[in-house]
Amino acid sequence: MKFSEYWLREWVDPQLSSEALVQQITMAGLEVDAAERVAKPFSGIVVGEVLSVEPHPDADKLRVCKVSDGQEEFQVVCGAPNVAAGMKVPFAKIGAVLSGDFKIKKAKLRGVESQGMLCSEEELTLAEKSDGLMPLAADAPVGVDVRSYLKLDDNIIDVDLTPNRSDCLSILGMAREVAALNKIPFEAPEVKKTAAVIDDVFPVRVEAPEACPRYVGRVIKGVDLSAPTPQWMVEKLRRSGIRSIDAVVDVTNFVMIELGQPMHAFDLNELADGIVVRMPTPGEKLVLLDGQEITINPDTLVIADNEKPLALAGVMGGEHSGVSEKTKDIFLESAFFAPLHLAGKARSYGLHTDSSHRFERGVDYAHQARAIERATELLLEIVGGQPGPVTEICSKEHLPAKALVNLRHARVDELLGVHLDRTRVEEMLARLGLGVHKVAKDGWTFSAPTHRFDISIEVDLIEEVARLYGYNKLPVTEPMAPLGIKPLPESKVSLRRLKLHLVSRGYQEAITYTFVDQKVLSLLTPEEDTITLANPIASDMAAMRTTLWAGLLQTALYNQNRQQNRIRLFESGLRFLKRGGQIQQDPMLAGLIMGASMPEGWESKKRTVDFYDVKGDLESLLEIPGCNLSFRSAQHPALHPGQTAEVLKDGQPIGVLGALHPRIAKTLNLNGPLYLFELCLNSIADGQVPSFKGVSRFPEIRRDLAIVIDEQTPYADVALAIAQSAGEWRVHHELFDVYHGESVGADKKSLAISIVWRHPERTLRDEEITEAFDNVVKELGNRFGASLRS
């Protein structure tokens with residue numbers, strides 16, 4: 001929130017310098033992002049009055065003006081399009097020094113002498129750009145220093161408030177806070193009730209009291225919108241980051257900054273028969289003040305009349321019901337909208353307004369009538385008019401209940417590490433408007449004021465005590481606690497260990513966004529119902545990833561486009577799946593390889609990566625947890641139908657690997673074969689604890705087996721059959737050759753496999769090996785129709 005320091009000091013003026021005030025506010029938990037002078041240094045600029053304007057004899061776009069400083073008249077050549085006789089403007093006389101040490105001197109412009117310069121907001125450093133002279137109020141005293149008249153030695157303070165401190169989104173809230181910090185008695189300025197001059201009321205009906213517990217309105221007839229907004233109000237709004245629009249809108253914005261209550265003004269003559277606060281009808285549309293047409297979501301509260309929607313409640317008004325220069329009668333709205341009903345509504349339409357910012361966090365539900373009286377007072381002063389009586393619709397059962405919070409005196413001392421007597425604690429909290437509801441032997445029950453939505457439990461009160469006491473005054477003590485070192489179970493496999501292993505095999509870690517392109521996800525996981533964002537950062541970041549491949553493939557494309565011919569990447573992170581109406585978050589580990597299998601070198605042969613490279617990497621990786629690992633052929637929509645496998649642990653699927661489907665590779669502009677894997681980390685987080693086995697001193701016995709089987713039979717099935725039939729003394733078996741040719745027949749292949757046996761306590765007999773070998777041959781024949789190769 002931005003505000004003028006002078007404006008704040010009109011409400012409460014502590015005896016502190018600007019720097020000390022900013023530091024105090026920050027140390028109280030209201031972080032000041034910036035505090036800047038309203039205008040950069042300049043001197044010699046006074047309020048001038050333009051007496052006459054004549055055309056320049058030799059330049060169409062220049063004017064020759066007579067300007068008075070209250071004592072003398074000066075001839076000034078001016079090119080501003082809005083210069084006019086009778087207006088009052090900042091006048092830089094000869095000798096004035098503008099920002100940047102630019103000194104005003106007597107000059108001739110196209111042959112006509114100019115004795116000074118008429119200034120715009122840009123020249124006064126009040127704006128980055130301006131289209132013409134800065135008009136001053138008609139009652140501005142001629143000859144007075146502009147810096148003094150506009151109070152340009154003021155500071156703009158920008159406070160970055162946390163969402164729980166919505167009570168400080170106003171001058172009233174900041175003044176309350178500063179008064180409490182400096183022990184200054186504070187009473188908000190009284191707002192007098194304006195008596196009704198006319199009997200006109202506008203019917204109001206609230207159909208959703210749970211979303212709008214209080215609605216206050218008032219008719220004011222006969223307003224004059226041609227009346228200018230006073231200079232003091234324009235300046236206060238500008239220093240709060242709000243541009244002046246017209247007197248009515250400026251007043252509602254002013255009250256919002258002053259009291260924290262957003263308001264809206266409707267053109268009464270554009271409304272049909274009454275105000276209705278309701279939920280929208282299906283498909284209802286509204287053109288907003290910014291010209292954007294929207295279809296109103298079913299959960300969005302609207303302000304309507306009896307024919308059409310007028311505004312998104314608490315967010316933005318509609319284009320056709322706002323005030324204009326033709327408006328003569330207005331209907332003022334001041335309402336309390338429940339924060340939970342407004343949370344996220346503005347963002348769902350891609351909007352963020354000052355009103356929605358306040359309503360989402362919570363406004364004081366007791367201030368709506370006060371705000372409308374303050375706005376009435378200002379409007380009658382500026383645009384005139386005849387006010388009607390105030391209309392108020394209130395559903396007390398739906399208003400927030402005042403929080404009653406218990407506070408133990410001993411707990412205050414315990415958490416803060418400093419002893420504060422009971423009287424001091426009571427006095428501190430009283431300064432913040434917290435009343436003692438009940439006194440007990442060990443503490444109190446406090447009632448929170450209506451503007452503090454963030455106070456609900458004991459630690460909230462202790463935080464307030466700490467803020468007023470001063471965080472910087474709290475003693476610093478080292479925590480004392482037994483810190484026994486508890487080693488992790490040996491079976492636990494850390495993610496860091498897995499990452500380091502992949503790095504040792506030439507992979508590089510990538511970190512990509514969780515939000516990805518919906519189109520990419522529809523290619524990779526078309527069967528999954530993706531989670532989409534209502535208001536994404538960008539159109540290609542609108543969905544939450546269902547696989548880590550989405551980000552890795554984009555990273556691979558980025559590297560490919562930069563002439564990288566060997567890419568090996570991995571990433572760990574969450575994937576997001578819809579399961580039974582809930583969002584399931586699974587920690588995953590994924591990787592990809594493409595390009596050359598080895599870095600280019602004089603002794604390495606050039607070879608492109610293949611399926612067995614990524615399979616070998618996975619086998620090596622999964623040796624860390626000691627998995628009972630196996631693979632089986634599978635199908636995946638993102639992978640090549642003939643080069644896809646499931647990764648199994650103890651027979652249960654834990655991941656998938658394979659070649660990227662050529663169709664997807666072409667769509668994503670990825671060149672050459674690319675191989676991927678993805679594992680569920682939870683499935684490999686618990687490994688097997690290694691157990692010692694003595695090395696047998698007896699010899700190994702190896703037998704080689706060459707069989708002919710169908711081309712389509714995967715070796716993984718053959719390997720499993722060998723393991724199951726070779727007997728208990730089998731140590732291992734390896735495939736060492738694959739042959740295709742006329743000698744084995746069409747649609748056949750020959751597999752050459754070595755099988756090794758060894759007994760831990762004796763030498764195996766030849767007949768035992770022969771029996772085991774024959775069992776293997778028999779099992780392969782029965783299961784796959786395999787025959788020994790002749």
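Glycine too: its Cβ is placed from the backbone N, Cα and C atoms.
Bear in mind that the values here come from a model prediction, so they are computed numbers and not experimental data.
According to its DSSP assignment, Glu463 (Mg(2+) binding site) is helical. The number of other CB atoms found within 10 A of the CB of Glu463 (Mg(2+) binding site), across every protein chain shown, is 18. Taken from Swiss-Prot, the feature Mg(2+) binding site covers Asp454, Asp460, Glu463, Glu464, and the record attributes it to sequence analysis.
Marked as domain 'tRNA-binding' by Swiss-Prot on the basis of sequence analysis: 39-147.
The DSSP breakdown of the domain 'B5' (400-476) into helical (H, G, I), extended (E, B) and coil residues amounts to 33 helix, 15 strand, 29 coil. If you look up Swiss-Prot, you'll see 400-476 marked as domain 'B5'.
Secondary structure of the domain 'FDX-ACB' (696-789) per DSSP (helix as H, G, I; strand as E, B; remaining residues coil): 30 helix, 32 strand, 32 coil. Taken from Swiss-Prot, the feature domain 'FDX-ACB' applies to 696-789, supported by sequence analysis.
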Environment of Asp454, Asp460, Glu463, Glu464, the listed Mg(2+) site - residues of the same chain whose CB lies within 8 A of the CB centroid: Asn164, Arg452, Ile455, Val459, Leu461, Ile462
Helix, strand and coil counts within the domain 'tRNA-binding' (39-147) (DSSP): 2 helix, 56 strand, 51 coil
List of residues, in chain order, with Cβ under 8 A from that of Glu464 (Mg(2+) binding site) and at least 6 apart: Met428, Leu429, Leu432, Leu434, Ile455
Packing count at Asp454 (Mg(2+) binding site) (other Cβ atoms within 10 Å of its Cβ): 18
